[in-house]
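Chemist: According to TrEMBL, the feature UDP-N-acetyl-alpha-D-galactosamine binding site maps to Phe44, Ala45, Val46, Tyr49, Asp135, Val136, Asp137. Residues or ranges marked as Mn(2+) binding site by TrEMBL: Asp135, Asp137. Residues or ranges marked as active site, nucleophile in TrEMBL: Glu225.
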Amino acid sequence: EVSRGDVQTCTWWRAPVIWEGMFDAALYDQTHAKEGSSVALTVFAVGRYLDAYLETFLTSAECHFMLALPVTYYVFTDAPEKVPQVALGPRRSLKVIRVPKHSRWQDVSMMRMKAISDAIESDIRHRCTHVFCLDVDQEFTGRFGPEALGESVALLHAYYYNLPKWLFTYDHNPGSRAHMDTGDFYYHAAVFGGSWRSVKALTESCYQGITEDKRNGVEARWHDESHLNKYFWLHKPSRVLSPEYCWDRQIGDRKAIRVARLQWAPKHYNTLRQA
Ligand code: UDP
Ligand code: MN
């Protein structure tokens, strides 16, 4: 087994942290293909996010995401007629699911948890072994393969992976279900996944937390991401992805990051988040 001496490759509960140079890509492709793994990739493109990001997201996923396995894209949108026609490879397909357009972007983001859990129950669990849930405002630029698959998968946030814990932006309000004083890592909600059972449990639990907070008139500091961090603190992920799996080029070059597999797209919040 090849290894990396310059980065943390294992958590204290013995989950691997996946970095370039640690794994045999071809072996992961073969093993998962033989085991019959198949992947649902959920992505939301509501309001202006559809025109701004969806086509690049899908086109780049066709070049880099789980090329060795059957993949079904689940595109959640308020405008199904505007979903771009993207040429898909064999054993790859796309389903569109209509969702309401909440007026606050925070609600669009948080309500993903409910929509994903519903789709797993009604459809995904009959077709796919694994689920990955991604933000749409990103572009694949390198291999994102079955080495990322596991029972329960979390991603190290690119801005926090090498910072001390006291800087992690957890929710510190005791009135929120997402409240936590300390944790293991700061995980990024732009990428999470696992077996369909695990992702169903995760999305249901986060949605419950969000609903309870709404009843109590509170909102967690970073919305669904705060609830996700709380969940992964209580239910340790079995696999952790390095920031290679969601890098922001604005951070600049870092020696540890040998490949950027998925990258943040430029953000234009002023126009994107207008009602
Ligand atoms: N989203 C959307 N329409 C919106 C707001 C959010 O489709 O009006 C979806 C989209 O997939 C986006 C994700 O929710 O990538 C999270 O929102 P955003 O990327 O703005 O959050 P950030 O990455 O800034 O935390
Ligand atoms: Mn995003």
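Placement of Cβ uses the backbone N, Cα and C atoms for every residue, glycine included.
A description of the local structural setting of each listed feature is requested, covering burial, neighbours and distances.
Modeler: Long-range C-beta contacts of Asp137 (UDP-N-acetyl-alpha-D-galactosamine binding site), restricted to its own chain and to partners at least six residues apart, with a cutoff below 8 Å, comprise Tyr49, Ala52, Tyr53, Phe57, Trp264, Ala265, Lys267.
The Cβ neighbour count for Glu225 (active site, nucleophile), using a 10 Å radius over every protein chain in view, is 24.
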Chemist: Quick check: with Phe44, Ala45, Val46, Tyr49, Asp135, Val136, Asp137 left out, which same-chain residues have Cβ atoms within 8 Å of the centroid of the UDP-N-acetyl-alpha-D-galactosamine site Cβ atoms?
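Modeler: For the UDP-N-acetyl-alpha-D-galactosamine site the neighbour list reads Val43, Leu50, Tyr53, Leu54, Phe57.
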Chemist: Can you tell me the CA-to-CA distance separating Asp135 (UDP-N-acetyl-alpha-D-galactosamine binding site) and Glu225 (active site, nucleophile), as a whole number of Å?
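Modeler: Approximately 12 Å lies between the Cα of Asp135 (UDP-N-acetyl-alpha-D-galactosamine binding site) and that of Glu225 (active site, nucleophile).
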Chemist: Taking the residues the record says bind UDP-N-acetyl-alpha-D-galactosamine (Phe44, Ala45, Val46, Tyr49, Asp135, Val136, Asp137), how far apart in Å are the two Cα atoms that sit farthest from each other?
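Modeler: The span, Cα to Cα at its widest, is 11 Å.
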Chemist: Below 8 Å Cβ to Cβ and six or more residues apart, same chain only. Which residues does that give for Val46 (UDP-N-acetyl-alpha-D-galactosamine binding site)?
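Modeler: Spatial neighbours, sequence-distant, of Val46 (UDP-N-acetyl-alpha-D-galactosamine binding site): Phe76, Thr77, Asp78, Val99, Lys101, His102, Val108.
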Chemist: Which whole-number value in Å describes the distance between the Cα atoms of Ala45 (UDP-N-acetyl-alpha-D-galactosamine binding site) and Glu225 (active site, nucleophile)?
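Modeler: The Cα atom of Ala45 (UDP-N-acetyl-alpha-D-galactosamine binding site) is 18 Å away from the Cα atom of Glu225 (active site, nucleophile).
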Chemist: Val136 (UDP-N-acetyl-alpha-D-galactosamine binding site) to Glu225 (active site, nucleophile): how many Å between their Cα atoms?
Modeler: 15
